[in-house]
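The transmembrane segment annotation in TrEMBL covers B:6-25, B:74-95, B:115-134, B:146-167, B:179-200, B:245-269, B:281-302, B:373-401, B:421-439, B:445-470, B:477-494, B:518-537.
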């Protein structure tokens, strides 16, 4: 069995790294852009939207959807790398 | 054809569809009844989760709420969608791998304690009953407004339908009816939104229309609405009227509460493996996002239309929809200065018009003068939203009784066949209780829905997260954390929402945090208490730590547990 296969500790560490990365983005678009820095971002206009208001009512939601699908892809790759995928 | 005939036609057709699906997908074992046998494809589960989650409140209530609160309503948009990121990344894959039927199952096994399990069952019941009463009420409202039967008759019709497919089909029946209900509700929500977007901005995509120029004018729609609002003395639509800390706390409480709701979590037990659990969370949020990004656009269109149609206009010249809603008491006009004109202004002493935000979605197509079939479609969509959520909640209730209480604690040797009968009986009882609350709604329904989110945030979420990500968390720590979290949350809600323990006003809120946002504080307390207390007690037994190791690895879900 070659090295990365079935190493639960390394698998879990990589998983946690993905989680921290993705949850940071999750925090930044909602709590950051939509709430904390809303006023500053509103100075930037896209069409009729202030950017802060756009993030709060539209943008954050789009990013959330993308984040989950990115997570799905990353984890499927990780599962294969360590031999934990279902088809193996 | 008039609105009423259209409504009747659409309701009969959609209800026949739900019943047909229920007959086709009967449950034949407890596994079918609780988790649809664990064979639901990811896409179907995503659709079903979206319908399960989007209740009458999302479909009928949210656009109205946004319309009347502007930027402040963003807490609901971000809160109720951001929770799915937490669910997908932190809960769903691991709970699916754990592979039991319910949330109390996980908490009871992970914390090797029936006391902890019982606490979880009580929370699940409290959350679900509160929700379901509101759903039944929503069904009653739609029936009474569009088919001109009494609200009580409407509730009873709704009860019979849910009874039929939830009791017969269990989770299996509910899943496939929810798939159909999602299609009905999203179509019903999008059609009028697209119509109105074209009417007002010329752009057929509401999400873009919201940020476009008003048709035939140079001003942007949002700027126009800000101007209209401020001229009448309301807060500008895109500005906030709450403190930043409070907005942060409410958003976080809604996100975490969403991730902790048992009727949502249980949906991820129904897919075949961990891979599909992750993927179906993505599909679920995608399908939810379609409605949740359209709702703020509908809110802007509706608000602009309302201000332009009624403000400063003679009462005698109001259109037909205005009178119809007046008879329901959801629009009230009081001519304070006796000039026959409607003064709709921010200053409450001069304001003469009160509009219940809940009517926005139902009245919007009429206000915009859309064809009758579109108006009827909205009614069918509202019913689909309310029924799908009610069914999901009723299943959690019946499972909590038949599985978590009776099978797991009281009568462990019960056969699968008898447990299935028991589950069906529990479902019948749950429907009857829910119907009772729908007909005699307690005054505190609205307040307790917020309480349900706070409770889920303060209790389930930390217990599950620690159970997965902190192997050494023991039953003493988790139980203490849950009890403190729920306790503090209940105290705060009872004090500021129900005027107990001396009551108090917004000025007495701790750090200016509203009861809706307090779930965040209670959740943090839960984490702190759980971690501190656990340090003083023995580590969990070896086999429990082994369970934790095991749920972290995706392979082998659905088989008998290895090791």
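Glycine residues also receive a Cβ, built from the backbone N, Cα and C atoms like all the rest.
Just so it is clear, the model here is predicted, and its values are computed rather than measured.
Across the candidate stretches B:74-95, B:179-200, B:477-494, the maximum count of CB pairs under 8 A to the transmembrane segment (B:245-269) is reached by B:74-95. Counting Cβ pairs under 8 Å that are 6 or more residues apart, the transmembrane segment (B:146-167) and the transmembrane segment (B:477-494) reach fewer than 3 and are not in contact. Non-local neighbours of the transmembrane segment (B:6-25) in the same chain are 146-147, 161, 164-165, 168-169, 172-173, 175-177, 180-181, 184, 372-373, 375-377, 379-380, 383-384, 387; each lies 6+ residues outside the stretch with a CB under 8 Å from one of its CB atoms.
If you look at the transmembrane segment (B:518-537), the same-chain residues 6 or more away from its ends with a CB under 8 A from one of its CBs are 248-250, 252-253, 256-257, 453-459, 461-463, 466, 470, 472-474, 476-478, 480-482, 484-486, 488-489, 492-493, 510. A contact between the transmembrane segment (B:281-302) and the transmembrane segment (B:179-200) is present, since 3 or more of their C-beta pairs, 6 or more residues apart, lie under 8 Å. In terms of C-beta pairs under 8 Å, the stretch of B:74-95, B:115-134, B:373-401, B:421-439, B:477-494 lying closest in packing to the transmembrane segment (B:179-200) is B:373-401.
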